[in-house]
Amino acid sequence: MLYPRNLALFSLLSLSSAAPSQVERSPDAVLKPRAVCTPTAGGSPSIDDVPAIRKAIASCGNGGTIVFPAGSTYYLNSVLDLAGCSNCDIQVEGVLKFSGSTEYWGGKTAMLNIDMINGLRLRSLTGSGVIDGNGQNAYDRFASDKNYKRPTLLYITGGSNIEVSGLRQKNPPNVFNSVKGDTQHVTFKNLRMDATSNSQNPPKNTDGFDIGASTHVTISSVSVTNDDDCVAFKPGSNYVTVEDVTCTGSHGISVGSLGKSGPDVVQNILAHRITMIESTKAAGIKTYPSGNGHGLSTVKNVTFSDFNVRGCDYAFQIESCYGESESYCESNPGNAILQGIVVKGFSGTTSGKYDPVVANLNCGARGTCDVSMSAFSVKAPSGKATVLCDNTPSSLGVSCTSGASG
């Protein structure tokens, strides 16, 4: 005898076995392979391969894959705009080499432009892919012409769900990577980045990452050799994580500069497991003082932790008089709001440039300085470890010596 509950179950099983599933009935549910395009390279620096790449994007950019094969070189003599890529996968196993023309690139914003794109992977699966900014001519020209405007190598504005990974980026004329325009969910990982000059003119202003107005940006497993900030948290950066990064020759992991011409906010930043080699500072915060059209700078919920300091001039620095003279700041003190700033787990040895000083914390006299330091064991080569402080809280966590500047 079938009880009502068993009868209902039997009826359900009979119905499910009698009728085929929707997956079986619907051919539309079968996954289709991604379209794959390989742009045709012109094979000569005199031939601009950007039109061929744009043609490939038109054919395969909507959900497809664009492949630059290993052993190939594509010469890019104009801006490469990735417009038309949506949920696309760009696999660079060869070399994308931009021209060194200072005439063409002067005044351009970007060399490789990602504007309002949702869903894009720009990557090398093998680690052989190179994006070469060919910046030597720009380094030399900028040395004699400080008004020369140079482009950023990779410029991301707006959009979401963007990944840049596995690549080598080399010799940008200016900044390596810039993110702004309220971009969301960007990941940079497994990158090797180097800006080096073969003349006496250094690769100026080659920030590794300028992270502006954006949320949920992650930078991980990256090495940077350059001549400016390794990572700079610019106005509007929010929820940014930087981890397992090695920076050589840089100006540090930096918040700012902020407040130059209006109010600026940076918040919810975590930088941890960082190795800093021969940098002007390992980490720091740069804000403009009050007056002269400067705006209020607000820095909230920022943690710098587990830094290995190797030959950096300062292990940590706070500058509240950035961009102005000491005499100016005596009349127009810094007014930045620093709230929830945590510095912990710093170890290693400074360069000795400021021996015995290892850190310089100059908080603004008219601002807020909610900063804490712990497990801070960095020493100068002499074995001493002086921390200069002005306007810091009594609960800072380290012994202070007056005389901070900057």
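Glycine is no exception: its Cβ is also placed from the backbone N, Cα and C atoms.
Remember, predicted model here, so these are calculated numbers, not experimental data.
What Swiss-Prot annotates here:
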- 1-18: signal peptide (SIGNAL)
- 183-213: repeat 'PbH1 1' (REPEAT)
- 214-235: repeat 'PbH1 2' (REPEAT)
- Asp228: active site, proton donor (ACT_SITE)
- 237-257: repeat 'PbH1 3' (REPEAT)
- His251: active site (ACT_SITE)
- 299-320: repeat 'PbH1 4' (REPEAT)
- Asn301: N-linked glycosylation site (CARBOHYD)
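The residues of the repeat 'PbH1 1' (183-213), classed with DSSP into helix (H, G, I), strand (E, B) and coil, number 0 helix, 15 strand, 16 coil. DSSP labels the residues of the repeat 'PbH1 4' (299-320) in these numbers: 0 helix, 20 strand, 2 coil. Counting other CB atoms no more than 10 Å from each candidate's CB, the recorded positions Asp228, His251, Asn301 peak at Asp228.
On a Cα basis, His251 (active site) lies 5 Å away from the residue listed as 'active site, proton donor'. The residue listed as 'active site' is 22 Å away from Asn301 (N-linked glycosylation site) when you measure Cα to Cα. The secondary structure of His251 (active site), as reduced to three states from DSSP, is coil rather than helix or strand. Long-range contacts of the repeat 'PbH1 4' (299-320) within its own chain (CB-CB distance under 8 A, at least 6 residues past either end) are made by residues 233, 252-253, 255-256, 258, 265-287, 289, 329, 333-334, 336-351, 353-354, 357-364, 367, 369, 371, 373, 376, 378, 391, 404, 406.
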